[in-house]
Structure formats: C-alpha cells, structure tokens
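Features reported for this protein in TrEMBL:
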- 6-129: domain 'Phosphotransferase system enzyme I N-terminal' (DOMAIN)
- 154-227: domain 'PEP-utilising enzyme mobile' (DOMAIN)
- 191: active site, tele-phosphohistidine intermediate (ACT_SITE)
- 298, 334, 456, 457, 467: phosphoenolpyruvate binding site (BINDING)
- 433, 457: Mg(2+) binding site (BINDING)
- 504: active site, proton donor (ACT_SITE)
C-alpha cells in the first residue's frame, strides 16, 4: 500500500527510483577500563587513527573535486578541520589519561559530548555541523578497525533515504546510479543539499518518515518541485508520475527555447534576470541558462567552506575565473556577510543573544579591516577581467556606507603603492535590508551606483520575525502591505537618484510577486538559476501598464491575506 509524505523541496526534479536506505550509525564500540600502564599505548592508537582518517579524507576530497569541482572538495574542509580540532583531541586524551578508558571509548565519549553541546546551541549553523562531528567520530573508529568503505554499492536508479548524510558519505555514493535524496532532517544549506543542487538531483528534506519501516530496494517517487514523496507507489501512482515526468521534461525543453530571448513584457519593458551564486561551481548552470549576469555572489561560502581565512590570491583567482567566464555580463560581488546564521568557527566570534541583530556583515568588516581589505583588493584586481561590481551588505546608515567606501579607497591606495594593477572604476552598490536604510534611501542613493534589496532580511527586520524560527514563520512573508510599500519606497528613491535597483532575496523568484515588481519598474531580479526561465516565461506574457494598475490596487490593501489572494487572481 502506498505511503505518502510531504517535505520541503530543496532541489528541483521529478524521479521514480529505488530506495537505498542509509542509516548513519557509529561503528559498534567496546568500552573497557585500562590500567595506567596502558595509557601511552592508547594515546599512540589515537595518533595512528587520526593519521589514517586524515589520509582517507584527503583521498575523498580529491575524488569529490574530480566529480563536483571546487565546492565538492571544499566541503570536506569542515570535516578535516574538525578532525584536527585541538579541543576534541584534548578531550579524547583526557578521557584516556584521567578516565582510564580505551581509545574507542574515549573517542565515542568525546564525540557524544560535542554533539550534545552543539544540540544545546540554538543556532542553525551548529545544528548543521553536527553531522561533521559525527563524521569525524565514525572515521576515527573505522580507522581503528580498518573499516572505511561503509557505504555499500547502491542499486541502479537509487534514491537515498536517510536521516542526513555527512559529506564524505555522499561522496562515496556512485553518482552514475544516484537519482535523488529524501532526508528526514537536513537544512537548506546542509552539505547534502549543496551537493544535490550541484549534481542537479532532486532533493526533499524534513520528510517525517519512520526509517525503521523503509526497506532498501522498494520503489519510491520523489517530487523535488512540490516536496511530495511516495513510498511503495501503486500502479496508479506510477502511471500518474510517468506522465508528470514527461510533462516536466517537455516543460524544461520549452523553457530552454527562451534562453536566448530577453525578459521583456508585451509593451516592451525590459528587466534583467540574474542568478544568485554561492560558489564558482555553479557557473556552468548559470551560463547554460544565459542569465543576464550574477546579481548576488555570496562570497561567504569562500570562508565557510574552509578551515582558515582565504588569502588575497585565493580569492583573486576565484573572482577572476568568474569575471572571465561571465565576460561583459555584470557580476555583483557581495562582500563578506557572516554572522546571524552564518559563522566561521576558526574566527571564534563572540556568542550573542540576538546574532541577527548583532556583529554581522558590514559591521564585522568595518571592525576587522584586515580581513575586509584583503577581500576588497582581490575584487579590485579581478575586476580587470570582466564586469565586476562591489556591494556592501547590511548598511544601516550613511556613516557605515562612508566608512566602507573609505576602506575601498584605502584598498586602491595599497594596490597602487604596491604597483599592482586593478580596476579603479569599479561600480559600488549597497544592499537595503534594514528599515533604517529604506527610510534613508533618498540620501543613500546619492552615494552609490546601485541598490539591491535583500528581501529575506528586510522582511525579518521589518516584521521583527526571526526567519529561522518556525514559531513566527507566518510573519516572515513578503505579502504584508508594509513590505510591499517599503520596497516601492526604495525603488522610487533609487530611480529619483538615477540609479538602478534590483531584488536578490527569495521573493525575486516568486511568480506571484513578479507582476508587482514589473509594475514598480524594478531593473533587475536575481534568483536561483533554476527559476530564471520560469520567471522569464511569465514576464513575456505580462503588460507593464496593467502591472502598474494592479500595483495601485495592491498598495491600497491592508492585510497579507488580501495581498496574496489578489495576486493569485492576476
């Protein structure tokens, strides 16, 4: 009998396949007491296990780089960094020396302790790092036993059903047989999700499946567009989804015909459709879609997927590669935006009660000029090879913007004095994510070359609703009249100053809001690459004059429900 579930779709596609159940379990551990005479022997075992595990992870890293490019290899840095974490190592040694337990028991106890600690931290970043910690424990214990190939050969057309996968376990799967992922946990930025998108495989997370009832080899249907998962589908389900798959494939073929056509309305209003990008490995998909540029290059992934700060040369090489591949198309590079739900373990940033309201983004960069200047110089140098632009995140005041621009001037001066060539005429813009900046938009617009509205944070700060808190998720909606009116205020201010304005949050790819954005005259929408052709198809059916009339009506509405219902009628 068919069992139906719904989860959160995180990577598009529809597939019918065979279940490969993977239980992410620790190897069996025998914990025993040791004598003081055995301490040195057990400590030597720790050293040997770390060396073997490190060697194995480095090999996995090389394999991942061949299959998935730079991002595939960089995600192993977190596991390797955790393996070399001095706190974890000291904890293991202490368990042996003071607790007088064997190496296997000492490792398990130290790993369990760190996992418990991370589970107690109410922060998405630490929750998503738990698999990395557990991964290290498994590698150390397998090294002691001489067991490394835990992931067995997967069946053809395999859809992995699991709690979650550590990056190394994902890399061990045979990609030629893999068709998708169904996870009971996972997050939007988890390693498995990143890999699924990189491999262009459908994935659904937070599916409430009892894994004890799932059997490897059973049939499964996975809809990465809607989040629907069907276990043991019946003949009716299979027939229905075979039709859906054909329809989806036909739709993708028709959408592909729009690649070389402009995003232009029936009455000739043209808008730029750009892609959001986290790493340079997404470039091929962006180029294949023929997007109008990159409207948001999230550079924090260069920092988050590493175990130390990337130096100027490393960043320069990445930015130059992007600039050269995109040729004359604009690439907006957002300077380092960490804090909130994005942390860098190796920097030991202060723990804050309200991290989204704290030491993050431009605030961090203005205090850590050394880190900021390295990035600015790398961007300036790479800007000689294409149409790169610099964008400062989370600007709240004219004072912050002025300080950021002065540091950019300082970066230019340092390059000049060092006789290093760079593009001195690079355009400079800012994100508007804070209500204070929206209110001061007229004044700020006179100080920059462009605006980009970051709707994810703008909604969060305007509605006073943490976007990672499920208890207030209903408040984190773009349909509230206050949000619509605030966006219009920003757009009008930008155009009065003669500068362009775009949107780069999730709302940019929301088809319900597209007519409103066209009515406002927004210059650019930047979204995930998979949404570009869908939005382009919609825009080419719209008439801006009608969109303007609809905008007038929407502005008059007073509740989010009214706004959403009205937009559904367009």
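Backbone N, Cα and C define each Cβ position, glycine as well.
This view paints the features noted in TrEMBL onto the structure.
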residue : record                           : CB count, 10 Å
298     : phosphoenolpyruvate binding site : 19
334     : phosphoenolpyruvate binding site : 25
433     : Mg(2+) binding site              : 27
456     : phosphoenolpyruvate binding site : 15
457     : phosphoenolpyruvate binding site : 22
504     : active site, proton donor        : 26
Between residue 457 (phosphoenolpyruvate binding site) and the residue listed as 'active site, proton donor', how far is it from one CA atom to the other, in Å? 11
Just give the helix, strand and coil counts over the domain 'Phosphotransferase system enzyme I N-terminal' (6-129), going by DSSP. 81 helix, 16 strand, 27 coil
Reported as an integer number of Å, what is the Cα distance between residue 334 (phosphoenolpyruvate binding site) and residue 433 (Mg(2+) binding site)? 13
Proximal residue to residue 433 (Mg(2+) binding site) among recorded positions 298, 456, 504 (C-alpha distance): 456
Round to the nearest Å and give the CA-to-CA distance linking the residue listed as 'active site, proton donor' with residue 298 (phosphoenolpyruvate binding site). 11
Mean pLDDT over the domain 'Phosphotransferase system enzyme I N-terminal' (6-129): what is the value? 83
Mapped DSSP class for residue 433 (Mg(2+) binding site), helix or strand or coil: coil
Is residue 504 (active site, proton donor) helix, strand or coil when read with DSSP? coil
What does DSSP call residue 334 (phosphoenolpyruvate binding site) in the simple three-state scheme? strand
